[in-house]
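*Asks:* Below are the features listed in TrEMBL for this protein:
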{"type": "SIGNAL", "residues": "1-20", "note": "signal peptide"}
{"type": "DOMAIN", "residues": "86-142", "note": "domain 'Potassium channel'"}
{"type": "TRANSMEM", "residues": "87-106", "note": "transmembrane segment"}
{"type": "TRANSMEM", "residues": "118-138", "note": "transmembrane segment"}
{"type": "TRANSMEM", "residues": "169-190", "note": "transmembrane segment"}
{"type": "DOMAIN", "residues": "180-258", "note": "domain 'Potassium channel'"}
{"type": "TRANSMEM", "residues": "202-222", "note": "transmembrane segment"}
{"type": "TRANSMEM", "residues": "234-257", "note": "transmembrane segment"}
{"type": "REGION", "residues": "285-393", "note": "region 'Disordered'"}
{"type": "COMPBIAS", "residues": "302-311", "note": "compositional bias 'Pro residues'"}
{"type": "COMPBIAS", "residues": "365-384", "note": "compositional bias 'Basic residues'"}
Amino acid sequence: MRSTTLLALLALVLLYLVSGALVFRALEQPHEQQAQRDLGEVREKFLRAHPCVNERELGDFIKDVAKTLGGGADPDTNSTSNSSHSAWNLGSAFFFSGTIITTIGYGNAALRTDAGRLFCIFYALVGIPLFGILLAGVGDRLGSSLRHGIGHIEAIFLKWHVPPELVRVLSAMLFLLIGCLLFVLTPTFVFCYMEDWSKLEAIYFVIVTLTTVGFGDYVAGADPRQDSPAYQPLVWFWILLGLAYFASVLTTIGNWLRVVSRRTRAEMGGLTAQAASWTGTVTARVTQRAGPTAPLQEKEPPLLPPPPCPVQPVLKPQSPSPPEKVHTPSPPTASALDYPSENLAFIDESSDTQSERGCALPRAPRGRRRPNPPRKPARPRGPGRPRDKAVPV
């Protein structure tokens, strides 16, 4: 990721945090102030009703009660009917261990002993990576099973001649709807029935749990009336499947964003190439329009050498060997096309160089080019033998 992109993302996250802080303060601060006023009124009523109680002693008593409530104590357990209830029975302890390795950490039940805190450190260091591996495997299996089921629906849509782009959109929507129905809506109604929560409270608990936020203000099975030891372990298995589903959804979104970024880069590369080619064509046209004045005058002297070609008939009678007259009319292009393996570069040369070679063929006896012309016509015709005889003479 580029530094500019990283800085822009950091600025966006900070802006998001500040906006959330402003909204939460505007919504929750008045409620906090009202709760503080209610506590003051209750204290004053108690002091007026019991003048023998000192205000300082009452304040210390309230702090002790708050501390014990934060430690997991429940005032309802003082009754004889609920005296056997414990926040650390086997089911609750299993659920607490599950909140450690899932990194949810509701906070309704906390460790108060030094031995428990020391054990929690090593337990979390081992359990969190182990649960991450399990979550990846379950998410992969769950996502593949859901995609396999949705694949049959896609096949039905394709049989109905639905466009593939629309089929992809429908399959993605079905993937989201099925997951939300199984892991969000159904548990919401279950918690409404089991915990006696409202629909808002139940869906609030579901989302806070599956996003691993875990405030702890609402916890399934924390009510002393839930005396079933298998209730909270079942809730933990729901958390496992729900987190696996959300992990598969996040993986799908990440893959989609990766594909979109690749396509965007490819499109930007194509636009850059088009811009470069357009700039090159414009530059070439400008140079062609501005070039005929000076460059053509410079190229006119090199165009004068072709007149030596008509001088060839003058040079031909001077050559004493008659075979050279027979070989001069044959153009060099025919030999190059007949034997491309001997002179492939001849095809790529310009017409000017070809004309110069044609004019220079009669001068072969003076240079090293003499052995080349006899080899080419010697194969189809036999006049090469008199040349071989004439050479030693």
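Each residue, glycine too, has its Cβ placed from N, Cα and C.
Curation plays no part in TrEMBL annotations; they are all automatic predictions.
Small disclaimer: the values here were computed from a predicted structure and weren't measured.
Could you tell me the structural context for the features on the list?
*Replies:* Mapped onto DSSP helix, strand and coil, the domain 'Potassium channel' (86-142) counts 41 helix, 0 strand, 16 coil.
Proximity of distant same-chain residues to the transmembrane segment (87-106), defined by a Cβ-Cβ separation under 8 Å and at least 6 residues beyond the stretch ends, is recorded for 72, 74, 120, 123-124, 127-128, 130-131, 209, 212-216, 219, 221-222, 228-233, 235-236, 239-240, 243.
Within its own chain, the transmembrane segment (169-190) is flanked in space by residues 146-147, 149-150, 153-154, 157, 162, 199, 202-203, 206-207, 210, 238, 241-242, 245-246, 249, 252, which lie at least six positions past its ends and keep a Cβ under 8 Å from the stretch.
When pLDDT is averaged over the domain 'Potassium channel' (180-258), the result is 87.
Residues 87, 91-92, 95, 99, 102-109, 183-184, 187-189, 191-192, 194-195, 231-232, 235, 239, 242-243, 246 of the same chain lie 6+ residues outside the transmembrane segment (202-222) yet bring a C-beta within less than 8 angstroms of a C-beta in it.
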*Asks:* Residue counts in helix (H, G, I), strand (E, B) and coil for the domain 'Potassium channel' (180-258), per DSSP?
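*Replies:* Going by DSSP assignments, the domain 'Potassium channel' (180-258) contains 56 helix, 0 strand, 23 coil.
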